[in-house]
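Everything on this sheet refers to the single structure shown next.
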Amino acid sequence: MATLLRSKLSNVATSVSHKSQAKMSGMFARMGFQAATDEEAVGFAHCDDLDMEHRQGLQMDILKSEGSEEGGEPPLEGDIHYQRDGTGPLPPSASKEACSELSGQGKPKITAWEAGWNVTNAIQGMFVLGLPYAILHGGYLGLFLIIFAAVVCCYTGKILIACLYEENEDGEIVRVRDSYVDIANACCAPRFPTLGGRIVNVAQIIELVMTCILYVVVSGNLMYNSFPSLPVSQKSWSIIATAVLLPCAFLKNLKAVSKFSLLCTLAHFVINILVIAYCLSRARDWAWDKVKFYIDVKKFPISIGIIVFSYTSQIFLPSLEGNMQNPKEFHCMMNWTHIAACILKGLFALVAYLTWADETKEVITDNLPSTIRAVVNIFLVAKALLSYPLPFFAAVEVLERSLFQDGNRAFFPNCYGGDGRLKSWGLTLRCALVVFTLLMAIYVPHFALLMGLTGSLTGAGLCFLLPSLFHLKLLWRKLLWHHVFFDVAIFVIGGICSISGFIHSLEGLIEAFRTNAED
């Protein structure tokens, strides 16, 4: 009797503890998601078939009490909860239905304003610093493209969410898919039921890794231009930055990093305001005659990729919409976030270009006077280094789940041990990924070229081509003629821009790679 009483008391205590952890995890998930969904996707843009908590290092584990074994007591409420340590993959016994049920019940919901904050972070991050360089080669057409890209990305974000829903037997619109990968797989079924998901995952990994490379490149570039008198080259600054980032290989979750993300984002907005304020102080010297109506045919396609890359957010929109308290507000949220982004990006790019005209550099802060350039650039480097773990951790998650944890379909043995700890060779692969980003940053230290290549390849694919194609494939019978026209037009225009931008960016990168190899 005493043993039974102690067992029940122990179970009750465990239940209370689990409930408390679930509440705290939900609270931090809400805070972490808002803070750590950064501009690229990052925020992106994790493996978007995971829920919001998992994208921020909150891993959903199903824990069963010992009493659930044969002949024992059923598990008490609270034995299923969110675990924050993120020490390993989901147990094999956790069925998809159980995970789905948990994510619907215990997951904290966000308001339309909070969702808008995430989208704003994704499309108004530090990569807007390259937009004045796009105006340099595109003139007024570059400004038009900033507006056009905002309209198209807003539209494709909406139709991507529409692909998550279908009409049931009762005529009700219900959500039947949860992620970008689910949509891609549905389009390729029944012949190739997993092909679409693999294509999306590959594009996602490329974009995330390229984002990491861009952070290393911009860190080396900013430090080199901030302290030109020091006998340290840009490559050396990139190596120093990577040495600081090497501990990212040991990350189990993003709990520690997410605490600083909100402050970094706010600091970045302050820096943008400072740059604009400096430009306004030189309004009398603005070179309006330098803004061209013609384009640089060789370099303008690269500008297209830069502009598209600055708007990438589609990869995490399905998860974001699924976590909203009122999903009906999603369209309104997309409208005002992209209108605000369009206005702010256009003004920032134009004002900065008018100030420096033909002397505009790839990263606009390099044009600032030396008295304030160092301070501004140091803040930007700090933001870049603290933002690096987000896409890096997301890329690692996708790679581990695709190659090492995908059940019988995994290409390699599980990189986690039975106790949930990362094996030594798994840690080696993470370190190799960090070193790979360094090598790319050293041999191709060109911010605009890398950003243009990424925008033309994965940005245009994930934001323009795939959403319009999926929308036509899944919902073509219910589409109005103007929707069909828009989808076809976006697919054709997006394809042309993507191919031209990719070719020109690749040519520039190959030339830069050869030059650096000779040096």
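Placed from the backbone N, Cα and C atoms, the Cβ positions cover glycine too.
When the ranges 237-257, 300-320 are checked against TrEMBL, the one recorded as transmembrane segment is 300-320. Listed stretches 260-280, 300-320, 450-472 were compared with the transmembrane segment (332-354); the greatest number of C-beta pairs under 8 angstroms is found for 260-280. Most Cβ pairs within less than 8 Å of the transmembrane segment (205-224), among stretches 260-280, 374-399, 484-503, belong to 374-399. Taking pairs at least six residues apart, the transmembrane segment (374-399) and the transmembrane segment (450-472) share fewer than three Cβ pairs below 8 Å and do not count as touching.
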